Amino acid sequence: MEEIKMDRIEDAIADFKEGKFVIVVDDEDRENEGDLIIAAEKITPEKVNFMLKHARGVLCAPITVSRCKELDLPHQVSDNTSVLGTPFTVTIDKLEGCSTGVSASDRAATIQALADPASTPATFGRPGHINPLYAQEKGVLRRAGHTEATIDMARLAGLYPAGALMEIMSDDGTMARLPELRAMADEHGLKLISIHDLIAYRLKQESIVEKGVEVNMPTEHGMFRLIPFRQKSNGLEHMAIFKGTWNEDEPILVRVHSSCATGDILGSHRCDCGEQLHKAMEMIEKEGKGVVVYLNQEGRGIGLMEKMKAYKLQEDGMDTVDANLCLGHLADERDYGVGAQILRELGVHKMKLLTNNPVKRVGLEAYGLEIVENVPVETVPNPYNERYLRTKKERMGHTLHFNK
């Protein structure tokens, strides 16, 4: 099959700055779809009409979390159970100068108002015909989605961080795939880029971690090396524990492990985190080379205080997923972008990933890392964590096995 040509990110940024559309595609393991994106301040009724005619999907308007708060745009639902956690807010229409809100001119006016610093909550009526979307603050380095790609493109182009996007559908109503997207881009003189390439571009342009000093680290599993890393955006400190040497094209064992004070330090039986960490280190010691990236992301990213609240809800009958959702969190709020950059700093590009979690694989692959094999880290359930592990298997898709 002929490889589909993608355009340079630099050329796409230049077009975006001029108010042209760009087509953005994501990973095959994610939505495997293309979106038509444009800067909010560059939208016109004619461009809205082009999107409705040629893309045919749902017209959405990505904006930043801070902008959502400024405009008092809450999440559309308190319990987001969509597959990819698409972060819709309540729908809106611009009030002044618009009629029903559904025409191309009304929709363009609403999107333009999102990029107008003078707009306030009173500028918009709710509900309406435009779907704003919360974009993660660190863009595609936090979440490899079209929403974040739109905001990143606006920022890279020096424009207001707001945009419009629409999924591209084929004439028969199915989602357009890469060959058709390339043909559409060529027909209309548009640039076609991938989120994968946008991530790689940002990682080359930006460093999100500061590397510390490397030291020896003797452990019960053998002699390792340790390097701390500080995340520049929030000061969080992470570490890489590794041994051996490798070539850039050599797949090595990698465990990306989120901190669990209760499991890793106290040996808690409520989870299997500590067991997975030690098993991973044993496997790396046996292999003679490999990396554990230890991320400071307690409680799947919600922190120790919130994790204890979730534990209390679990004691009252909820499972681990519903407890997070009840507290206003996603089921999993971890950021794999920082882990990906740490691995790149260590010269790791191909890996045999030590995980039971399919989301972790997708999260790392989105940042340009190649996973040649998933290596499960099986643990033995105990009476305190069996329900937790079953929830991870049944509701989060983890690869786990239980004795009948």
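For all residues, glycine too, the Cβ spot is worked out from N, Cα and C.
Annotated features in Swiss-Prot:
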- 1-204: region 'DHBP synthase' (REGION)
- ARG30, GLU31, ASP35, ARG143, ALA144, GLY145, HIS146, THR147, GLU167: D-ribulose 5-phosphate binding site (BINDING)
- GLU31: Mg(2+) 1 binding site (BINDING)
- GLU31, HIS146: Mg(2+) 2 binding site (BINDING)
- HIS129: site 'Essential for DHBP synthase activity' (SITE)
- GLU167: site 'Essential for DHBP synthase activity' (SITE)
- 205-404: region 'GTP cyclohydrolase II' (REGION)
- ARG255, VAL256, HIS257, SER258, SER259, GLN276, GLU298, GLY299, ARG300, THR320, THR355, LYS360: GTP binding site (BINDING)
- CYS260, CYS271, CYS273: Zn(2+) binding site (BINDING)
- ASP332: active site, proton acceptor (ACT_SITE)
- ARG334: active site, nucleophile (ACT_SITE)
Between ARG334 (active site, nucleophile) and ARG300 (GTP binding site): CA-CA distance (Å): 5
Distance check against the residue listed as 'active site, nucleophile' for the recorded positions HIS129, HIS146, GLU298, keeping those with Cα within 10 Å: GLU298
Neighbour-count leader, CB within 10 A, recorded positions: ASP35, GLU167, GLU298, ASP332: ASP35
Site extent for GTP, whole Å (max Cα pair distance, ARG255, VAL256, HIS257, SER258, SER259, GLN276, GLU298, GLY299, ARG300, THR320, THR355, LYS360): 22
Which recorded positions sit within 10 Å of CYS260 (Zn(2+) binding site) - Cα, from HIS129, GLU167, GLU298: GLU298
Candidate recorded positions HIS257, SER259, ASP332, THR355, pick with smallest Cα gap to GLU167 (D-ribulose 5-phosphate binding site): ASP332
By Cα-Cα distance, the member of recorded positions HIS129, HIS146, GLU298, ASP332, THR355 nearest CYS271 (Zn(2+) binding site): GLU298
Number of Cβ atoms other than its own within 10 Å, given for HIS129 (site 'Essential for DHBP synthase activity'): 17
Integer Cα-Cα distance in angstrom, HIS129 (site 'Essential for DHBP synthase activity') to ASP35 (D-ribulose 5-phosphate binding site): 19
Non-site residues, in chain order, whose CB comes within 8 A of the mean position of the CB atoms of CYS260, CYS271, CYS273 at Zn(2+): THR262, GLY263, ASP264, SER268, ARG270, ASP272, GLY274, GLN276
Three-state secondary structure, which DSSP defines for GLU167 (D-ribulose 5-phosphate binding site): strand
For ARG255 (GTP binding site): DSSP state (helix, strand, coil): strand
Neighbour tally for CYS260 (Zn(2+) binding site), based on other Cβ positions within 10 Å of its Cβ: 23
